[in-house]
Amino acid sequence: MGSAPSKILEDLLDDTNFDREEIERLRKRFMKLDRDSSGSIDKNEFMSIPGVSSNPLAGRIMEVFDADNSGDVDFQEFISGLSVFSGRSDKEEKLRFAFKIYDIDKDGYISNGELFIVLKIMVGNNLEDEQLQQVVDRTIMENDVDGDGKLSFEEFKSAVETTEVANSLTLQCDI
């Protein structure tokens, strides 16, 4: 094994919630998902992960995994993204991931428009746009402590910390 792969492995061991054996199992899983052997997972390959294609937020999840905005998820991004869902990640990590789902433009805030877009993805046509906009406006108004019209991570965290958001972001999976 060369120094580059072992450096990557050491970085993953330091930066994620996985041990060496788990990373190796995930590497094998990644290689199966990477059907064209490109070294990264494209959107179609990502959608083939069990349970992902049925998730309305699958596209946003992939965008959050894709830390370098390349349009594909490489092995390091795959492991880093999955690490958040492990039972060993803390509530703060899970909430930060959830925040990133809403923070579409990655500016560190959830705007009214971003909240609307993500909630629209989740509710589909079950709510009229006007009703959904009322929910969005009320959510921002009730949780925007500093009055800047958008939610910071701390404001988001305060709004959701009493909910089961963090628990729902834990996967009990056989990796």
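Placed from the backbone N, Cα and C atoms, the Cβ positions cover glycine too.
As annotated by Swiss-Prot, Ca(2+) 1 binding site applies to Asp34, Asp36, Ser38, Ser40, Glu45, with the evidence given as sequence analysis. Non-local neighbourhood of Asp34 (Ca(2+) 1 binding site): Ser40, Ile41, Glu45, each in the same chain, at least six residues away, with C-beta under 8 Å from its C-beta.
Shown in sequence order, Ser38, Ser40, Ile41, Asp42, Asp66 are the residues of the chain, 6+ apart in sequence, with a C-beta less than 8 angstroms from the C-beta of Asp72 (Ca(2+) 2 binding site). Marked as Ca(2+) 2 binding site by Swiss-Prot: Asp66, Asp68, Ser70, Asp72, Glu77.
Non-local contacts of Asp103 (Ca(2+) 3 binding site) by the CB criterion (under 8 A, 6+ apart in sequence, same chain) comprise Tyr109, Ile110, Glu114. The Ca(2+) 3 binding site annotation in Swiss-Prot covers Asp103, Asp105, Asp107, Tyr109, Glu114.
Under 8 Å, Cβ to Cβ, and six or more positions away along its own chain, Asp144 (Ca(2+) 4 binding site) finds Lys150, Leu151, Glu155. Per Swiss-Prot, Ca(2+) 4 binding site is recorded for Asp144, Asp146, Asp148, Lys150, Glu155, and the stated evidence type is sequence analysis.
When DSSP labels each residue, the domain 'EF-hand 1' (21-56) comes out as 18 helix, 2 strand, 16 coil, counted as helix, strand and coil in that order. According to Swiss-Prot, the feature domain 'EF-hand 1' maps to 21-56, an assignment based on sequence analysis.
Sorting each residue of the domain 'EF-hand 2' (60-88) by its DSSP state yields 15 helix, 2 strand, 12 coil. If you look up Swiss-Prot, you'll see 60-88 marked as domain 'EF-hand 2'.
According to Swiss-Prot, the feature domain 'EF-hand 3' maps to 90-125, an assignment based on sequence analysis. Across the range of the domain 'EF-hand 3' (90-125), the DSSP-based residue counts are 24 helix, 2 strand, 10 coil.
Under 8 Å from some Cβ of the domain 'EF-hand 4' (131-166) lie the Cβ atoms of residues 91-92, 94-96, 98-99, 102, 108-112, 115-116, 119-120, 123, all in the same chain and six or more residues away from its ends. The feature domain 'EF-hand 4' is assigned by Swiss-Prot to 131-166, with sequence analysis given as support.
For the domain 'EF-hand 1' (21-56), the residues of the chain that approach it from at least six positions outside its boundaries are 9, 12-13, 62, 65, 70-75, 78-79, 82, 121-122, 124, 175, judged by C-beta separation under 8 angstroms. Rounded to a whole value, the Cα-Cα separation of Ser70 (Ca(2+) 2 binding site) and Asp146 (Ca(2+) 4 binding site) is 34 Å. Ranking the binding-site residues Asp105, Asp107, Asp146 by the distance of their Cα atoms from the Cα of Asp36 (Ca(2+) 1 binding site) places Asp105 first.
In the three-state DSSP reading, Glu155 (Ca(2+) 4 binding site) counts as helix.
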